[in-house]
Amino acid sequence: MLTMDTASQIYNILRQQGCSYLRQADFKPVLDELLATHPGLEFLRTISEFQERYAETVIYRIFYYINRSGTGCLTLRELRRGNLIAAMQQLDEEDDINKIIRYFSYEHFYVIYCKFWELDGDHDCFIDKDNLIKYGNNALTYRIVDRIFSQIPRKFTSKVEGKMSYEDFVYFILAEEDKSSEPSLEYWFKCVDLDGNGVITSNEMQFFFEEQLHRMECITQEAVLFSDILCQIIDMIGPEKENCITLQDLKGSKLSANVFNILFNLNKFMAFETRDPFLIRQEREDPNLTEWDRFAQREYARLSMEEDVDEVSNGSADVWDEPLEPPF
């Protein structure tokens, strides 16, 4: 059985000689072994390209949540503080890979990759601003997309000017779909903190909300005064200093995700305002699921339904009972 003491053993086995941290490449042998032996991934063994994408996605997710320094160098302390060891123990005990929702779920991977594939119109494995602005049915503002592509929250790995790689997209979608997690709060805080002084001011919030307000007016939605929005945000967060919000203020509030949705995601802002009873009930039914878990669950169900419709329209009488086919 794996224990927290096992972290140091795994760390020492995986790291390169003379190196004091783990890199993404150090986890590749673990994923190769998993793909070769886990019964829940047997269906992937004849699809080498999809195996590679699955392995990459798992590793990106691990580093997104556990490598809190964001350096790409995972320390033993970070490994011990994270929940990877528990997830690896679950791998040994559970044949259904989709029940291991931390890092290893195939369904979660499939949702991420399909979202990337849908946006990557020319399928060159890169996404530009025009692609990303379409994300979530054009949910995001141009101003926040500009901040993402200015690489303020995170430097891109693509090495191509004005392009986001698949790895960059994985970090983005995890941050976007669960704004209550610490990595997400840090990601979006950097975006909104325009002068990088560690404090979000009312002027900075107004800068982002201006575009939201314009979009609301364009769809004949009732306009909301920024002064009212600012009061709402301050009430939700309860910052130490009035009209100035720090990262610690956000981490201390359970409503922080709503602040960012109010400022630059119109669809989620409107959903928050209307308090969708279905989503409220869903949260109450399983409070242990994160926002990301619920999003992945909903999206996989949607993709499954689309796959079923395609099967019927193509004249197939069989309803799929296997994991969805790769989008190639």
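Glycine residues also receive a Cβ, built from the backbone N, Cα and C atoms like all the rest.
Unlike curated entries, TrEMBL annotations are predicted automatically.
What TrEMBL records for 319-328 is compositional bias 'Acidic residues'.
For the domain 'EF-hand' (180-215), the list of distant contacts is 64-65, 68, 141-144, 147-148, 152-154, 171, 174, 223-224, 226, 229-230, 233, 243-247, 250-251, 254, 256-257, 260, 262-264, 266, 269, 290-292: same-chain residues at least six beyond its ends, Cβ to Cβ under 8 Å. Here TrEMBL flags 180-215 as domain 'EF-hand'.
Under the heading region 'Disordered', TrEMBL lists 306-328.
Using DSSP to sort the residues of the domain 'EF-hand' (180-215) gives these counts of helix, strand and coil: 25 helix, 2 strand, 9 coil. Summed and averaged per residue, pLDDT over the domain 'EF-hand' (180-215) gives 96.
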